[in-house]
Every structure is written in C-alpha cells, then in structure tokens.
Amino acid sequence: MDWLNQFLFGFYPYLCMICFFLGSWARFDRSQFSWRSQSSQFLRRQQLVWGSNLFHISILGLFVGHTAGLLTPPEVYHALGLTVKAKQILAIVTGGLLAAMGAVGGAMLIHRRLTDSRIRQTSKPTDIFILLFIFFQLCLGIATLPESAQNLDGTYMLVLAEWSRSILLFQPGSAQLVSDVPWVYKLHLVCGMTLFLLVPFTRLVHVWSAPVWFVGRRGWQIVRKNANIAKEGV
C-alpha cells in the first residue's frame, strides 16, 4: 500500500491546493452570483442562531488551532516555555471542547435542514452533503483524542507537524513521514484536505467573502441635515 500512502500524503495535498485556489478563482470569474452562503435564516431562526454560532465559532477556532499547531516549529513554543507534553494536553483540551461544540452545532443544523420540509426544498444536495461531511470530520477529530491522550509525549503530533511543514516547503519524502501514523489520524488528514478540494464546488466558497475587514474598521455615524429645517432656523 506504499503507492496509496504516497498518493494521499505526497501528491493529494498539492491537488487539493491547486483546486482550492484555481477553482475558487474560476468560480468567481465565471459565476459571481453563486458566491454566497444562500442563507435560510427566516426559517426556524432560533435553531439556526444557536446551531450556526456553535458551528462557526468551533470551525474558526479549530482552523486557527490546527494551523498554528501544525505549522509552528517546536523551537518557537519551546522558547515560550511550552513543552511538547504541555502543548499536547493543550491541543487535546481545547480541540476536544471546540470539536464537541461544533458537533452539537452541526447536529442542530443537520436536524433543521433535514426535518423542515421548507428548508429541505431550498437546499441543494451539495448543501446537505458538505454539512454531513464536516460533521463527520468533527467526529473524526474527536476520535483521535483517545490516541493522543495515550501518547502525551507528542510523538504523532510532532510527526504530523513535520509533515505539514514539509508539504508547504515542497520537500521530498513527505509521505514517508506519516507512513506509521495510526489510521484515524490519516483519515482525519485526508478528510481535512478534501474540504479544501470541495470549496470551489460548494457553498464553502463563501469563506473567501468573510467580512473580516469589519474587525479593524472605524465606527462611523452618518448625520444628514435637512436643508429646509436649516433655513427655517435661520
């Protein structure tokens, strides 16, 4: 099965990255009006608010945590006084809480989308599929926790981090780094990469339009003067 390991962890990551960037650009260029999240917020709004908030906060937190955890060289967090074991425990606790929160939110969104006939009629098959796929990925992440708890020395964490950095740096032999990693980690990696592959073909493409620029925007108050009132005052 060396060829499968080589494909999934040596070639597939680059295929996903190419599809993510070029596919998103092509969709924006050819179908700009489909670049939206297609909200159904007017239907069963209360369940949407709770489910969506839990789900999106979880996904954002997990994305930031995974990115920082996998791409930060060990020398950096050692310099900050964080040992490998402490980093592993931190990842287990925060990742577990965020994944559980996301699973609850995802379950609420799935229930809402599948049990309400009005929402189901406005849903595309890809909407339901991508929601179920992300929910499955969250469950896979939770399934890795027992394995991580049994290996607090951070062996697998360090291997996965080294693999991630080697992929981004286009270093040869990346696939061999994860050849002995347990299957649950490998499946979690493959599903995570597949999410990037699916972005241009699903509603996930709206991540490119996230209004993050609002965070640093100054508050403005618009004041309009009625010319007639101004003249009467004079």
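Any Cβ shown, glycine's included, is placed from N, Cα and C.
The domain 'NarG-like' annotation in TrEMBL covers 5-225.
The transmembrane segment annotation in TrEMBL covers 6-28 (among others).
Taken from TrEMBL, the feature transmembrane segment covers 48-69 (among others).
The DSSP secondary structure for His56 (heme b 1 binding site) is helix. Annotated heme b 1 binding site per TrEMBL: His56, His188, His206, in sequence order.
The heme b 2 binding site annotation in TrEMBL covers His66. Within 10 Å of the C-beta atom of His66 (heme b 2 binding site) sit 16 other C-beta atoms, taking all shown protein chains into account.
According to TrEMBL, the transmembrane segment annotation covers 89-109 (among others).
Remote same-chain residues near the transmembrane segment (129-146) are listed as 58-59, 62, 92, 95-96, 99-100, 102-103, 106-107, 109-110, 113, 184-185, 187-188, 191-192, 194-195, 198, 202-204 (criterion: CB distance under 8 Å, separation of at least six residues from the stretch ends). Here TrEMBL flags 129-146 (among others) as transmembrane segment.
The annotation transmembrane segment is assigned in TrEMBL to 187-215 (among others).
A Cα-Cα distance of 15 Å separates His66 (heme b 2 binding site) from His56 (heme b 1 binding site).
Look at His206 (heme b 1 binding site): DSSP puts it in a helix. Neighbour counts were taken at the CB atom with a 10 A radius for the binding-site residues His56, His188, His206; the maximum falls on His188.
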